[in-house]
Amino acid sequence: MTRKYFGTDGIRGTVGQSPITPDFALRLAHAVGRVLRRTQERPTVLIGKDTRISGYMLESALESGFNSAGVDVVLLGPLPTPGVAYLTRAQRASLGVVISASHNPYPDNGIKFFSAQGTKLPDAWEEEVEAALEQPPVWADSASLGKTRRLDDAAGRYIEFCKSTFANDLTLRGLKIVVDAAHGAAYHIAPKVFHELGAEVMAIGCAPDGLNINHQVGATHPDALVRAVRANHADYGIALDGDADRVQMVDAAGRLFNGDELLYVMVAARLARDEHVPGVVGTLMTNMAVEEALQRRGVKFMRAKVGDRYVLEELQRQHWLLGGEGSGHLLALDRHTTGDGLISALQVLQACVRSGKTLAQLLADVPLFPQVLLNVRLNPGQDWKTNPVLADAIRDAEAELGAHGRVLVRASGTEPLLRVMVEAREAEQANRCAQRMADAARAG
C-alpha cells in the first residue's frame, strides 16, 4: 500500500501547507487515538517537540485530537527525539509523539511516532493510521475524554539516562568540549550531560528563538563548531541536529568526523575489549572504507536502505547491536532503542578516554574513500527514473568506476531532492562523475 502522508521519518512538510496544518494535526491525533483504542481502553501518549515556533501550534492541535479520542496526554516540552523514545518506554506509555523536522530549517515541521517500546513503528502501523484518517471522526463521549498533564522533570530524567550509558569508572575531567545543539531540542540538555560527567563545556547553538534552529549551526552546518574548537583550543567538538538524534564530531585540530567514522570507532572499542561483534549494519551511503576495515577485522557488514528506521529493521532481523549512517544517526541497541546523538558521542568519547588515543589515531587505518554528494532539486511531478539522459550518465559512471567505486542515485525521503552520490578512490574522478549525473538530472 502506498502511504499518502508518511515518509521515511514520519510526516514532514512546510508549516501552513498540507499536511503540516493544525487541522490535519488534530485529525491525525484523533485517528491515531482511535487506532490505539482498538487494543487499549485508556491509552496514554507522550508529546515532545523541538524549538520551532510552530511546535506550540502543532502541540495544542495534537493534544486536542488525542483528548477527543479518549487518550490521555503527557506534555514533555522541548526534548530530543531519543529522549521522547526513552521516556515513552520508561513511563510505560502507549505511544511517543515527536514534533520536529530534524535537520530542516524552521519553516518546516513534522510529526513522528514511537512505539511503547521506544522504537520506530513499522509501515503497517502507519498504513493503519492513514486508513483511519479516511474515516469520519468518532468523538469520545464527555465522560471518556482524555486529560492532559505536564511532566516537569522530563529533561532531568533524560539527562540521567544519557549519563548512565557512560562507563562508571571513567570521567571526562580534563577535557574541554564545545557542544553545538543547533539551537534545537537539546539546547538545555547537551551541555549539562557533558559538564556533569566532568568536562569543561563551551556551548554554542544553545540559544533558540523559535526561528534559528539549524541555522548555520549543528550537525548539518559544522563549520561553526570547527571554528569554535580551534578558537577555544578545545579537545573535542560535538554537533547535534535540531532534534539531537544525529551527531558529528570534531577533534582538536578541527578535523570533522562523520557518522561512518564514529560508527567504526564504536565497533573498534568493543573489539578492543574482546566483546563479540558479529555484524554491523550501514546503508547504501556508507563509505566503502568502513566496510573493508570491518571485514578485515572479521565483522560482517550489511547495507540497508537509507534511513535509520531501515538500519534498525535490519539490525533486528540479524539480531545485531550496532549500525548507523554517515549523517550521524548511530544505533547501539544495548544502550538505546533508537539513534541518539548524545549517547553516540558519549560512546565515542568513552573509546578515546579508555584508549588514551585521539579520534585521528583511532581511525588512522581507515582513510575514507572520497565521496561526493550532490542534491538536485526536483520540480513537482518530475520523474527522474524516466530520464534517459540521466540513465545514460549513470551507466557511464558505473562503467568508469568499475569495482573501484560506487554510484547511488535516489530521491530524498524528506525533501523534493534527488541525491547523487559517487564514491571513488580519487576525488577528481568522484567529482567528475557526480557532476555529469547532476547535470543530466537537471536537463530532464
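Placed from the backbone N, Cα and C atoms, the Cβ positions cover glycine too.
Following the DSSP three-state reduction, the secondary structure of SER102 (phosphoserine) is coil. What Swiss-Prot lists as phosphoserine is SER102.
Of all Cβ atoms in the protein chains displayed, 34 besides its own lie within 10 Å of the Cβ of ASP243 (Mg(2+) binding site). The Mg(2+) binding site feature in Swiss-Prot is assigned to SER102, ASP241, ASP243, ASP245.
Marked as active site, phosphoserine intermediate by Swiss-Prot on the basis of sequence analysis: SER102.
Sequence-distant neighbours of SER102 (phosphoserine): residues of the same chain at least 6 apart with a C-beta under 8 Å from its C-beta are ASP9, ARG12, THR81, GLY110, ASP241, GLY242, ASP243, ASP245, ARG246, THR414. Cβ atoms within 8 Å of the centroid of the Cβ atoms of SER102, ASP241, ASP243, ASP245 (the Mg(2+) site) belong to the same-chain residues ASP50, PRO80, THR81, SER100, HIS103, GLY184, ALA185, LEU240, GLY242, ALA244, ARG246, GLY341, site residues excluded.
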